[in-house]
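What follows is a single structure, written as structure tokens, with notes after it.
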Amino acid sequence: MRLCMDKFFDSHFKLKTSKRDSNDSKIAMVLTSVISLLIVGVLLASFLTFNNSDFLAFLNWSMCILVLALPSQRFIRKLIPFSADSAFFYSIIFSWLGIGFITWFLSHLGLPIFTSHFIRLVLVLANFVFNFPSKSRRNKLSRNVYLPLNQILLTILIFLSTFAIGVYFRSLKPEIYGLEKFMDYGFMMSMWRGNTLPAQDMWLAGHSINYYYFGQYLFTLLAKLTGIEPKISYNLSMAASFSISFTLSYSLIRDIVFYRIKKQKSSYQLIANISGILASSLLCLAGNSHAFFYRPGALGHGLVAYLKRFGTTTGKISYFYFSDSTRFIGHNPDTSDKTIHEFPLYSYVVGDLHAHMINLIFVLLFLIILFAFYVYLRKAETLLNENTLMYATTLGFLLGIFSMTNYWDFAIYFVVTFITLTAAFLAKGKNTWTSLLLFIGQTLMYFIPFLMDFGNPLIKLGLYVVACISTYLIYRLKKDSLTLAGFYLSLIFTVTHIFSLQMNLNMAEMPKSFKFVQNNSSFYQLFILWAFHAFLGIIFILYAFWSNREKIKYQLEKVNFIQAIANLPVENLFIIILSACGLGLIIVPEIIYLKDIYEVNFARANTMFKFTYQSFTLLSLVAAYLIAELVLQLTPKNSPENINSVEIFEEQKTGIIQRDKGWNFKYLIPVLACTMGLIIPFSYTSSISDWFYLNKDKSQRSLDGSRYIADLGIEDDSGNYYSFKNRLDLIDYLNENESSSVNILEAYGNSYSDYASVSAYTGLPTVLGWETHEWLWRTTSFEESSYQTLIAPLQREIDDFYTTSNTSIQLDFIKKYQIKYIIVAELERIKYADINEEALQSLGKVVYRSGDNYLIEVQSQ
């Protein structure tokens, strides 16, 4: 097996050699090493304030994540050969996904292998298979491999530094309380208890989770790999989400800029690295433009105050809180069209371990592999070979991960893939109207079944496979680049659904009903939110066309306009596509929305939320690349590798050599303008300080997020106060004494409330938890009235159970839902003023008390 693998890598991946003995490289290496030691020293010093267990947990997770680079590095390095750090950090994420998917697949077969021991075994075996080649291969590697240690070390330090920062901020506010943390934590606790999948729904006993929880699964896998309980690993997961996304966005833009300059001179390495840091800062540390205009004291606030005096509907401008930037349209001023427009920093701050935030990690990995595939296609002479199939399969795998983690991202990034690959293949040759019609037919072959509801995912997958085979046969009949693009897109779409099949089999399909919007955002509102990002996105598109105007003009003499555009430089056209998609994601919620249970006032809230989150992502990356491009144009050009494509084209066309250019000062003003414009998104950053108590002299706490509710409580209608400390004691008892996943009963309640906390904090399924969430999760294409058919009947049964004196009704209920424990505590007494505690106690034995709260273990029937 290993010999076959070695032959595969030898035949497809030639490792480059490099002496790298220039003084610039040596100086860079020394400086990097010195900086590394300084940062490590600062990190160690900062953690002296941590307790020992938190510091060890940080080290444990750090080492575990870095070790994940080993299994897939050779494979990912082949996919992204131009990466400045030999695709080191991308390998970490791909290995994580690979090990996670293997465990996911086998666990869904009913095998009890979702355990720490098995996950560690898979990691060891993966390292053995991929990193212990034959003797001949080891000899080749010892002679040829060059590892850019300074760049790898810098990447590691960026990750460790941001991870440490993330852990520090999570320790300031570690509580797993508020918003949807109960849900996220409940998912993790449910999987922590189990050793098979699918995971049990902690808020609907007897059912598996009918939601996209693959992201929480991956972090639970890390928790099991390291042996650190979710009460701590939840906050480590939040910190890791931030640091991994920061490092990946840095690597993504750094590598695209490296590809752009095609030169390893030290000064240009600096530009590439700084552009990467700028990209990650814009994506992970900045916000939209709202704070620049609405935060009192910000530079743009005066403009809004001025417009308000002239009758513009601005809403309230005298007060600003950091969440206002995510709830502006429909909220200020208050209207019936309420929307959501979040971005990564807000997600990291509030601490919800949500699908859209987790999947950002995999989106960034997807984008660099999509770019690498695009580069390969533009250079390749043969467009159908093992390498292209490998790229397509990898993209399909990642889109499959999207569909299990955050389904919206699958839809969004398949469209991005569609546009990118179509552009790549259009550049490879002439196509006829017949080719276009066949391409449209190929697209409809898999898109029509996608829109239809069959009830069984296997039927859909079968249709996708048939479509894939059919698109290939069409290509064989009409061999041109466009029909080949149709085949690849069908292949990616099919592979996506192969990898997501297990989740689709265990989860009812969500409705796909689109409707036209009844309300629209005003230009003023869109400007307030997207002034910076949209403007720079548009500017890059205009700049790319202007800077390549001579090439486009020359191309138009031989091909049509679309093909002329498709032949723009690879990096320019790729960023143009990201810009256009980012702008489109802002526009789409102004036209259509996806119908869900939140109609009327919140009709387009979820659609705008999911679309603009990705718009923010794409346009942040574009903004960083634009600034890097302008800086490269500003700096002196003294070699062919650093002359832009238009200049090289002109030299080839005219024969006039243009070398040894000095500073191009016409780009100075655009560089300064864009740089000064960075104050707009970063105006948001300082507004998060109150959330973390930075201005309230609060001391650092621990990473244990489960302790906080002990300090909370609730009042009943009579003003009586009840502390949650006793409820936490019940939770601790169950976690310490109940190892299996048994059903419990506690009072249900509204979403975002304190109800269903025992099930969330233990992972033990209750009959009904957050009712609105279950209503949303159980509303499917075939069951659009789940509240009437499922939720409301459960509510009536639970109400009767807690208040009736009829023991037979209670015993039937216990048998029906297989209840082992009944919670009687403050929330149950508040919800049921006429609770019959005497009848409840007759059903079993009180095994634990804390204050007035107690836990009844039901007698075996």
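Glycine is treated like the rest: Cβ placed from N, Cα and C.
Per TrEMBL, these features apply:
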- 27-49: transmembrane segment (TRANSMEM)
- 88-107: transmembrane segment (TRANSMEM)
- 113-133: transmembrane segment (TRANSMEM)
- 145-169: transmembrane segment (TRANSMEM)
- 232-253: transmembrane segment (TRANSMEM)
- 274-294: transmembrane segment (TRANSMEM)
- 434-452: transmembrane segment (TRANSMEM)
- 458-475: transmembrane segment (TRANSMEM)
- 482-503: transmembrane segment (TRANSMEM)
- 573-593: transmembrane segment (TRANSMEM)
- 613-632: transmembrane segment (TRANSMEM)
- 667-684: transmembrane segment (TRANSMEM)
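When Cβ-Cβ distances below 8 Å are used as the criterion, the transmembrane segment (667-684) is approached by residues 278, 281-282, 285-292, 295, 298-300, 322, 325, 345, 531-533, 535-536, 539, 620, 623, 626-627, 630-631, 633-634 of the same chain, each at least six residues removed from its ends. Tallying C-beta pairs under 8 angstroms between the transmembrane segment (482-503) and each of 113-133, 274-294, 458-475, 573-593, 613-632 places 458-475 first. A contact between the transmembrane segment (274-294) and the transmembrane segment (88-107) is absent, since fewer than 3 of their C-beta pairs, 6 or more residues apart, lie under 8 Å. Long-range contacts of the transmembrane segment (613-632) within the same chain: residues 249, 252-253, 256-257, 260-261, 268, 271-272, 274-276, 278-279, 282-283, 286, 288, 341-344, 356, 360, 363, 367, 408-409, 412-413, 530, 532-534, 536-537, 539-540, 543, 575, 578-579, 581-583, 585-586, 642, 644, 667, 670-671, 674-675, 681, each at least 6 residues beyond the stretch ends and with a Cβ under 8 Å from a Cβ of the stretch.
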